[in-house]
Amino acid sequence: MGRFLLIVTLSFFSLRLCLAGDVVSFSTELKDSETLVSDRSTFRFGFFSPVNSTSRYVGIWFNKISAAASIVWVANRDSPINDSSGVIVIAKDGNLVIKDGRGHVHWSTNVSQPVAANTTYARLLNTGNLVLQGISNSGDKILWESFEHPQNAFMPTMILSTDARTGRSLKLRSWNNRSDPSPGRYSAGMISLPFPELAIWKDDLMVWRSGPWNGQYFIGLPELDFGVSLYEFTLANDNRGSVSMSYTNHDSLYHFFLDSDGYAVEKYWSEVKQEWRTGILFPSNCDIYGKCGQFASCQSRLDPPCKCIRGFEPRSYAEWNRGNWTQGCVRKRPLQCEKRDSNGSREGDGFLRLKKMKVPNNPQRSEVSEQECPGSCLKNCSCTAYFYGQGMGCLLWSGNLIDMQEYVGSGVPLYIRLAGSELKSSSNRSLVIAITLVGFTYFVAVIVLLALRKLAKHREKNRNTRVLFERMEALNNNESGAIRVNQNKLKELPLFEYQMLAAATENFAITNKLGEGGFGSVYKAWKLWNDGELIALVDPVNLDECFENEIRRCVHIGLLCVQDHANDRPSVSTVIWMLNSENSNLPEPKQPAFIARRGSPDAESQSDQRASINNASFTEITGRITNFFTTLSLFSSSELSSCDQRSLSIPNFEESRHGFKTASNFDSTFAKCEVGSDSDSLHVTHARNSDSETVVSNHSTFRFGFFSPVNSTGRYAGIWFDNIPVQTVVWVANRNSPINDSSGMVVISKEGNLVVMDGRGQVHWSTNVSVPVTANTTYARLLNTGNLVLLGTTNTGDEILWDSFEHPQNIYLPTMRLATDAKTGRSLKLRSWKSPSDPSPGRYSAGLIPLPFPELVVWKDDLLMWRSGPWNGQYFIGLPNMDYRINLFELTLSSDNRGSVSMSYAGNTLLYHFLLDSEGSVFQRDWNLAMQEWKTWLKVPSTKCDTYATCGQFASCKFNYGSTPPCMCIRGFKPQSYAEWKNGNWTQGCVRKAPLQCERRDNNDGSRKSDRFVRVQKMKVPHNPQRSGSNEQDCPGSCLKNCSCTAYSFDRGIGCLLWSGNLMDMQEFSGTGAVFYIRLADSEFKTPTNRSIVITVTLLVGAFLFAVTVVLALWKIAKHREKNRITRLQNERMEALCSSDVGAILVNQYKLKELPLFEFQVIFQGNEDEANTLRVAGTYGYMAPEYAMGGLFSEKSDVFSLGVILLEIVSGRRNSSFYNNEQNPNLSAYAWKLWNDGEDIALVDPVIFEECFENEIRRCVHIGLLCVQDHANDRPSVATVIWMLSSENSNLPEPKQPAFIPRRGTSEVESSGQSDPRASMNNSLRDGDVILSVGKRFAFGFFSLGDSKLRYVGIWYAQITQQTIVWVANRDHPLNDTSGLIKFSNRGNLCVYASDNGTEPIWSTNVSDSILETTLVARLSDLGNLALLEPVTGRSFWESFDHPTDTFLPFMRMGFTRKDGLDRFLTSWKSHGDPGSGDLTLRMERRGFPQLILYKGRVPWWRMGSWTGHRWSGVPEMPIGYIFNNSFVNNEDEVSFTYGVTDASVITRTMVNETGTMHRFTWIARDKRWNDFWSVPKEQCDNYAHCGPNGYCDPPSSKTFECTCLPGFEPKFPRHWFLRDSSGGCTKKKRASICSEKDGFVKLKRMKIPDTSDASVDMNITLKECKQRCLRNCSCVAYASAYHESKRGAIGCLTWHSGMLDARTYLSSGQDFYIRVDKEELALWNRKGLSGKRRVLLILISLVAAVMLLTVILFCVIRERRKSNRHRSSSANFAPVPFDFEESFRFEQDKARNRELPFFDLNTIAAATNNFSSQNKLGAEIITGKKNSAFHEESSNLVGHIWDLWENGEATQIIDKLMDQESYDESEVMKCIHIGLLCVQENASDRVDMSSVVIMLGHNATNLPNPKHPAFTSARRRGGENGACLKGKTGISVNDVTFTDIQGR
């Protein structure tokens, strides 16, 4: 009977095999035209013909690629079939055979084990492995497999091996040629001894080798270490001659291939180009074995490539020069090898270090340490080289060195043994180089210092001359002693030579004068502009009809620049744009300045005319408050249908842990209302849910029904994400029992259980609820959390009987629990699928360990595979960076510390979840809408180090991409087995070097040596900690008292943790981690030091620091003395001025010395009292309006801030505490309201209020309101504020309205009291009725587009003739006629109905809150915002600004809120005539660093970039601070962007066009059209990811190719890149290292930084700290500043860790972007690198050069100091020092030559003037005895008085009466007066030069020319009491230049 059952079973199984597509069984045969396909359709098995061949072969190839191009294995490669008669069958002996039509066997598996035909079958696996399996009682057993017979393809999981015991070797064997798959001449396989290596042979000759395996990669393959992340190579070696190697890869299309020419090639399939791509290829030129012979290295960059290593020479120069290098090289000098020379001295050999080498063949292993390795080689005379490597140990070579190669990037150091004489010669060369460098450095230092000294003297000379001229100008150009020299402006003026000015002005001709003294030309231009005769202004010389438009444009721009109000004038950047662009839509100019004159204040306040004033102008900015809305009251008296009311009566079920909470008032009729397959519930009334029907959750997030997994036909009932195109199943009911057809159904059984059964009624799954229930009282519901619940209806409410969250599988959803209950023994764990096609339980599970501390773990069967580390109350400390993800996942973990623990989390979206895949990895995933794929955020285990106990005991694991093995013994420990450790087998771990003392006494002195702890940071703590009740201070002592304690750690969330015994599963992280203390013996802390090295380094560093300190001190002293000298000179010169009679100048000498000298022109220029900044910097709320809006600041700006602070002090409230208060937007508004209501005392903080100080408090409020007035001119000055605060004067002026309070017009005031009749439409708004905003700017109502008859409800501009819709309500549901109606529903929603009788609204505001009042108010503001308000409280329930369509209006916000999930985004219209939702969407990206991205469908189309602090990086045209104000908010509440306008007359909007462009339009009223202000995208570089990953777009290089790879990257597909196809992007250069301490950064300027969706951000660190953080993280590839245009400068840190997308450059904007590169790439970009071969020598040379340079500097400083002392001592004896001129100059005597005045020594001047007495003053007063400034009755000054006497012939009257007439000649005196008048003539050209004056004074000249009218003379007469000047007929002398008096602050 048993035999019969076995046969029946086998027959049934055979039948199943016949039906499968990947199996050949005994009952089937595979003909020539038939094939087998693997389970996942990856590979295909069958007959094929190679290229250019008609023979038929049986083989395996990639399914989706043609057979001829993708063969990976051939069965009958030696015996092809000549026709198509071949078949593949299972022979009678159970073997798989290939026969032709005549029955001849061409190939067989040749299994020698006796089997029967009906017990074997062949299967093609998904790995490409063809296996022959036998059926037995114990299970299927593999009898034969194709992977055991490899050919020319090395596939993932395939093994290449050599077995010393059996002698069998698994090697690759090439084809004979492309058309003949028979075995070729080349083979590839493993060499086992002395070290595992890969090799390629041609016949039996080696042609290539890989170099030894170091535990991670082959060190002779420089590229392979970068491929470790792609290919997880595994190599097993028993060190006895047996070795095997395999690799894994996620993509089976990647594989290695040995071609018929002997090349090993890495191949991968390009889906884009549909072709095979080539990666690594070897051997290359220098890879050929022994190419250069012995003792020679090959370097591919050289020509010729071969060179003898140092100390060797070619064996045959003739052959070497002919290019035959196979004979190699020989030594120049033999090795000494411990021999004594003739002098008896002992000269030993040494080693030459070669870097970046491929080591020679045939190394020998030596069991010595790294320090002992050189000595081991020196002791052996036959040893010629050595190398020490991690994972390999010490390698020695004897005899000839063959097959050496020098690499450019990676490689290892190799030490070649040379004779001592060969190494000695290099020392002399180093000495010569050192001496040369030192001498050259000294010479350069001397030259530089001399040049600097010369330059300093020249600058000092120029400075003295400039100071002199400034003082002289101050004396000559000022009147009545008022000296007003704008020093700062003089510093900014360029200095021109006299000859240049004379030539440029044609010897200062009048026709070349600039300005001509006023605004006359401006007035003329304004008049001609208004008269329309602008062309009359143009100079006829410049007028050309061809350029008439350009000339008109220049005048237009000029008038815009001279407008009266500063806010009206364009900025410099705008002027440049207007001059460069051809846009003709320039704004109309307003009246220029200095035209209208100001009258009285009263008249000015009442007049509408804008006069020219010096005051700042302000633009009123009104906020979005209640008063700006027009009231629209809509009443609803209609009711919804009965079904709607039943839907509304459904209770609001709150989701708890199960996602559901019972409600007692559940409507029993709900089941009757639910019909159709898309309900979220399954009731008994449904009878059943068949295979084709599904249940959808309420929010359409999840769907429950039948499905088939990928590559499977079985039917399962499960839950999956509804709106995700990729099948993502989250839970399966019948995972152990699939249904084989589509007859399955889900029903409520008679017992009330939910069951899954097939068509025959067989139950495949059931909820198995044991509680007795009946069918008609239960129902199943799919909740929005993805939880399927079975509920029972009872009298007390619905009760949950069963839920799927209590039966988790492979996906961990939000609100789901993972738990372990010690009481019941039940554990809620994740359980993986068996495979992606089989949801049955797999081998991996994940859950919680409760004791001693809760941890997350992953098991494989019962073995621990990964653990998370203990829970510290906030996160698992073994998960790096998990603390940064707390905001995304609110983890909740509860533990009773008795063995029961549970954990759940809440994510921002249900699409976030965790997945345990069939390979045992846990993924954290979320859905990427743009890429339409699952994005992986976290994967554990992700590296070797994550696997439990990878490195064994007392060892830590640190994963890196370099050559260092991941495992390392911790300090104080050593490998337990060096041999196993070097071979990469770390499981045995480490042992202590020295035993612990542990309270034992020392034998020598009886002292007690206690153990100590070594601190290890950023660690994953070991497994099995023990809890201790000690605090942080007592924790180390607790461990020391316990001899078994080996380590401790303290975590603030856990407390003190102790470990005993072995420490397992430690890991070192690069970012976060715990601090861990390991116990060591005291002797481990006594590290030996080299005393001489320490002393030498200390002395050198000390000497260097001392020299630097001395130099800095001397420099500081010299600078201080120079400052004092300058201050003293200033005092002396000021005293000299004060001692004169020019005017009274008071100087406080002591205070002047104390004043610091600042470059104050940064803020104010000289004595200006107002200025304009380039950027606004300050805190909003404290900045004055003119500064916040326009950047204009003055003293009154400070007064405004003082007023705000004063109000804050009085009120005890911060100005920002009024955020979101629509009635009082700030503290000033609140205080103003109370002041007007007479309740200002209510503002006072009760804490400080006392009745006795009530007047003082009121006074403070009064002064505060005066300080915060809107207009700057109304505010008091600082001095006035101090006076008001100090005095008791109660007559303070009344304050005017403060700034930042919206002004209310008459209409608004009226609307606040009652509804605007235009806005009140009773209870409805019909088609044809329109609601206008208060200012009539916007309208709301029904409209149609163009010729369409469809009707929409929306908002549009009311005053613009061109129809411009800004918002559409029913955009996707238009009305067909004009019977539409807008009214309120009974729930308070604003609805649009198709007619009066309509019951179903076609559009509604959908406010979910229930409102008790029946009356609501809808208001349309002048901003275009329609709001739904509650009239009593003013609470807003809905706004159109929160639901924009395609238009972004000013003060609208774009972005999302973090708390309520509100997302504001733009969606384009379908077409110009259809406002329906289009494909284009502009939204704020949630992931990474916020940015705005324009999507086309779900694919990114254009990226606005990230916020720079002022604008978006992708819109360089976005203006900053002029007209438009941009604002970006990123805080814990929201991420949003908004913009405003500073001029209310500017009408602007931003919209997303259906064509895929984004525009900002401004309305040009004159032309009645919209002007395209800017638009994007507009060029190729704007398109998203135009240059692919790791590439950037450079528009200036578009003539060649606009795409360029980032530094350190190269085109991934060079051929495509050459053809200008950049879609494949760039990849890391193969020679570039991934992570090294020598990495650096290349700076790219003017960049739009890449997509920040996957970037990490930290706003709390600087750019310098950002660089260091990136360097410490090996995965960091680039960094940049987050806000590079912020008010505080560049702040924040952005780092990228993977592919960088969508980067580009700009011509003028952009920011700096830093790309990480290795040192080779860095040297290439910087075009410099270190020279020399010995780093120590370079350090010594640098130190010597620095010392010499410091010596020279000291010498020069001391010399200058002595020189300055000599100068000071020479002038110390003179008390009055008005001028201390140290150098001389000569004044200009000839106009054509620029000569200098001689500087007189102070002694000479003092002696000549009798110590500067008043009797010895020089000037016109010599003759008259009177001062020039003396007042004369009929003349303005002395010159005018003399001129009047000269004209009247009475010049002799001016002679001083004190002069004795006998002592002078009257004719001589008259000649002097004559010459004086000639010198003071008005026109400079009329005056005589100095040489003529000398001639006239020294000779008896009688024919002197008649003088003309002097300068600076006017007839002044006393006009009255006020002394006003009266205009007479006498002309006023002018200098044709006007001056503006600028008053200081």
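In case you wondered, yes, glycine gets a Cβ from its N, Cα and C as well.
If you look up TrEMBL, you'll see 1308-1322 marked as compositional bias 'Polar residues'.
Among the features that TrEMBL reports, domain 'Bulb-type lectin' is placed at 21-145 (among others). For the domain 'Bulb-type lectin' (21-145), the DSSP counts in helix, strand and coil order read 6 helix, 54 strand, 65 coil.
Positions annotated as domain 'Apple' by TrEMBL: 337-419 (among others).
Taken together, the residues of the domain 'Bulb-type lectin' (679-803) have an average pLDDT of 86. The domain 'Bulb-type lectin' annotation in TrEMBL covers 679-803 (among others).
The domain 'Apple' feature in TrEMBL is assigned to 998-1081 (among others). Counting residues of the domain 'Apple' (998-1081) by DSSP class, helix then strand then coil, yields 6 helix, 37 strand, 41 coil.
Annotated domain 'Bulb-type lectin' per TrEMBL: 1316-1441 (among others), in sequence order.
Through the fold, the domain 'EGF-like' (1577-1615) approaches residues 270, 273, 277, 1493, 1499-1503, 1514, 1556-1557, 1621-1630, 1632, 1642, 1644, 1647, 1650-1651, 1678, 1699-1705, 1707, 1715-1718, 1721, 1725 of its own chain, all at least 6 residues removed from its boundaries and within a Cβ separation under 8 Å. Residues annotated as domain 'EGF-like' in TrEMBL: 1577-1615.
TrEMBL lists 1635-1718 (among others) with the feature domain 'Apple'.
Sequence annotations record features per position, and here TrEMBL assigns region 'Disordered' to 1291-1322.
Annotation comment: TrEMBL describes 1-20 as signal peptide.
Most Cβ pairs under 8 A with the domain 'Apple' (1635-1718) among the ranges 337-419, 679-803, 998-1081, 1316-1441 are made by 998-1081. With DSSP classes pooled into helix, strand and coil, the tally for the domain 'Apple' (337-419) is 6 helix, 38 strand, 39 coil. According to DSSP, the domain 'Bulb-type lectin' (1316-1441) comprises 2 helix, 48 strand, 76 coil.
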